[in-house]
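In TrEMBL this protein carries:
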type     : residues : note
TRANSMEM : 39-56    : transmembrane segment
DOMAIN   : 84-128   : domain 'Homeobox'
DNA_BIND : 86-129   : DNA-binding region
TRANSMEM : 136-155  : transmembrane segment
TRANSMEM : 180-199  : transmembrane segment
TRANSMEM : 264-283  : transmembrane segment
TRANSMEM : 303-328  : transmembrane segment
COMPBIAS : 341-362  : compositional bias 'Basic and acidic residues'
REGION   : 341-398  : region 'Disordered'
COMPBIAS : 384-398  : compositional bias 'Basic and acidic residues'
Amino acid sequence: MARSLYEWLWQHEFWLPPGITWEDMQESEDTHYPQPRDLLLSIPFALILVVIRCAFERAIALPLSTKLGVRDKQRPKAQPNPVLETFYSTRCKNPKEGELLSLAKQCDLPVRKVEKWFRHRRNMDRPSLSKKFSEACWRFTFYIISFFTGLAVLYDKPWLWDHRECWTGYPQQPLQSSLFWYYMLELSFYWSLVFTLPFDVKRKDFKEQIVHHAATIFLISFSYCANYIRIGTLVMVIHDASDCFLEPTKIFNYMKWKKTCDSLFMIFSAVFLISRLVIYPYTVLYNTYYYSMEIFQPFFGYYFVNVLLMILQLLHVFWSCLIIHMVYKFILQGTMEKDMRSDTEESDKDEERDKIREKEKNGITCFSNVTSNGYVQRNGSEPLDNRAYRANGHAKER
């Protein structure tokens, strides 16, 4: 059965254009073609990258964060409570009002304290600033290396300048060693991201990130097996171009260099929107969908690779909408809005605001700062009356 499945999966009709068979892709001493078994090398390479990343973050990124003044916020810890901890771990991290009342009765605590416990517990699970800084440093280092590696590999390749050259002689295009190692570098990196996904900073687009990584790995792997090497290298170098600006933007944001962060974000936005919404559709989508038809007739691999490329483009549109919204806010307000993909940390001020709202709804006016002379100020403002009252009720003019 396994052999039958193997033979069915590797039918040349799936992977190669009409009229081409696997016999036409036989290697010789001077000519090498991509072999599916080569992809297995990406797994140990990915594990090596994970080890390098751990060493990089410990030996370089964390000490660098301290020197650059990145400080983790001191968070109050939630007091040990088995009942609340069990509910938090097994049921829900953000209980509703009815659940809060039930938990308060079980623990014999005020509802406010239960709500405060969950707020502190959620904050304990949020990643520290130094972790975010270290992660951004690692990605920035990789994207810089990957982007300039891609440029070094492709600068003298004809398909970088004439996109129709992606299909000249396809699929009988020999695999160069530089292209092989460039592919292994990118594929290994995305596998390493999958391996560390449970431990990395989780953002609001976590599900989209999973789809992105899966589509990227499938796309790189399929393009390698079907010898879409030339179009694959264009996809990778286009994606790395904008990522080189995103990660340093995060780094300066964690360092609180606001002006530098805002400037880099505007540069990143321009590079991202141009590369993903203009260059990518023309250089990759139009190229793959139309130019390839000048060489061969449609087949399964043609449709499959175009579906994967379109999934990436839909993700580009999703992220572009977020970026455009942030740029719009920046233009109107003159300040950069926080990354909408990140979770904001909750504080005890939320509780104070809730109390104030409740009192305002009930028509109660809050007074504070009662002075030792017996007169009242409203929130630290000037006295309501310029007279001081004696204990016997008589007023004395000031």
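Cβ coordinates are placed from backbone N, Cα and C, and glycine is handled just like the others.
From a predicted model like this one, the values you see are computed outputs, not experimental measurements.
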Mean of the pLDDT scores, which run from 0 to 100, over the DNA-binding region (86-129): 79
Remote residues contacting the transmembrane segment (39-56) - C-beta distance under 8 A, at least 6 residues beyond either end: 137-138, 141, 184-185, 187-189, 191-192, 195-196, 221, 224-225
Same-chain residues at least 6 beyond the ends of the transmembrane segment (303-328) whose Cβ lies under 8 Å from its Cβ atoms: 205, 208, 211-212, 215-216, 218-219, 222-223, 226, 228, 231, 235, 265-266, 269, 272-273, 276-277, 280-281, 284-285, 288-289, 336-337, 339-341
Secondary structure composition of the DNA-binding region (86-129) [DSSP: H/G/I, E/B, coil]: 32 helix, 0 strand, 12 coil
